[in-house]
Ligand SMILES: Nc1ncnc2c1ncn2[C@@H]1O[C@H](COP(=O)(O)OP(=O)(O)OP(=O)(O)O)[C@@H](O)[C@H]1O
Ligand SMILES: [Mg+2]
């Protein structure tokens, strides 16, 4: 039943996509994977052909003077902190973003478009610039600090900048649109007559929200969570700027390995581990939400 | 609260959508009383305000003016979920993320029934609509007719005081529709629930209803039993909307009707004692082609329709009139196009239309 011409036509149609994926995904990935199992060169880079699993061992263990391995939790702490911060960012943007998306979806057509425009305005400036702005806001003696002081609420030292709290604030600020937009999209498509049906059957507003709106918005919520969690997990300059350059998160750690630490294989191994974790999350997502309700 | 003769009282209700120049008056001072356990039908052409009236009973819209009472108590300000009224929506509005049985259970759970009671009631409702084998399916795995029956079971399960049905049978094929009509009538008798049924299908309305309200242009045109609506339409709108009708004008003099050049019909062709110029409506089956008929005309068209034949006759005074005869086996056609014929009428065949001048 498979006509060779159909097969050929299909192959040709898929070729551009396949080529792009190969050049920009498979080759760099392969390079990364290969690098992660090589030995580091003294001044950065790697010794090609010198195979070693040291990079992966290094994540868990430290080599003592006598060459014995002792458990090292420092890197694990960074991973854990990254997951906690990214998880917090996801939860906080969800708690703020869902009501926002719902509110927008309930407005009339024109108001909706205006509000969506407002949500997307921050994208018009570079995230780096906006992160610097947050530094000015959060630093001791900055706008928030002196504002609180003027109100008699602060003692003059806010001490928020260069802490995980500042990173969390930066995350919630910069990732909120990525939560609002997909949820809004799923709510916008929603058939509001279903909510009327729920009311008709005796559900009050809260029950209708929980039993009808929320399940229908689930694909949007899941997409929003992925869009916040994954970039937050791997984010680099928000923790770099607001977290004060300490190796707070995986992104900083990786940058450090390719930079000052001059341990490319370790950086590659870290990247690979992060990738594996993200991929796992993606697989869980597609398994669970492949089929939107009602289809 | 059962001392009330009426389940629903609609008292001078108007509904206006929009403001200023864009405003639509969807309902214009409608007053209606619907009896307890009645099968009451709202009948009318598209856009006449049927859905709007139902939505106001259910609580999705508030009347611009007027009041709606349920068992004597005003519903004003009561939200949809505070009204013991359930709806079978025009679009079904089944919850796509829930199974059939979860859909049916929804209203019962909202009433706070315990699990066992909910399960028992759901089983009973699904048996009633003959969907027991489909309990675990999702709505999108059902045919249109099955979805419609789920919607019915879901709305009936909490045993509301009033069930509103918005063109609930319109998506079904003829056979299923006839079955559902019988089913709905049975449910209405057995449950004691008041049914308010919306349709634009006159035949459906005539066969199912205890009473019918004919609506047109946001106004109530006539309320009555199917016989009253069919045999004694009060105005041209009702006569035109329901069944086939010939509209004629004549001069009522004594007990006779004079049609000018076409002749006259003696003794009681008109049901009432009105005098002078009158606007009349006549059903084609109440007239017949007959040698002793009082009206003369020429057959302009003969339409064979299986069970009967329709003769379109141009009367001698220029008016058009329809006459219908039931077809008998082996009988010849009574006339062919171009024949000169005479028309006779049953007593009371002509219905006086009010609110119109006699002469066109
Ligand atoms: N939300 C609304 N805003 C503005 N106009 C409306 C609204 N709902 C209904 N209308 C208008 O009110 C009138 C009555 O509408 P309604 O839906 O009650 O008609 P209907 O009798 O149910 O018609 P159909 O048989 O087509 O369902 C129509 O002219 C419609 O355009
Ligand atoms: Mg309607």
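Placed from the backbone N, Cα and C atoms, the Cβ positions cover glycine too.
From a predicted model like this one, the values you see are computed outputs, not experimental measurements.
Among the residue ranges A:41-64, A:161-184, the one that TrEMBL annotates as transmembrane segment is A:161-184. Pairs of Cβ atoms less than 8 Å apart link the transmembrane segment (A:161-184) most often to A:78-103, out of A:12-35, A:78-103, A:115-137, A:266-285.
Sequence-distant residue pairs (6 or more apart) of the transmembrane segment (A:212-238) and the transmembrane segment (A:78-103) include at least 3 whose Cβ atoms are under 8 Å, placing the two stretches in contact. With a threshold of 8 Å between CB atoms, the same-chain residues lying at least 6 positions outside the transmembrane segment (A:115-137) that come near it are 100, 104, 107, 143-144, 161, 166, 169-170, 173-174, 177, 180-181, 184, 237-238, 241-242. Residues 46, 264-265, 268, 271-272, 275 of the same chain lie 6 or more positions beyond the ends of the transmembrane segment (A:12-35) yet place their CB under 8 Å from a CB of it.
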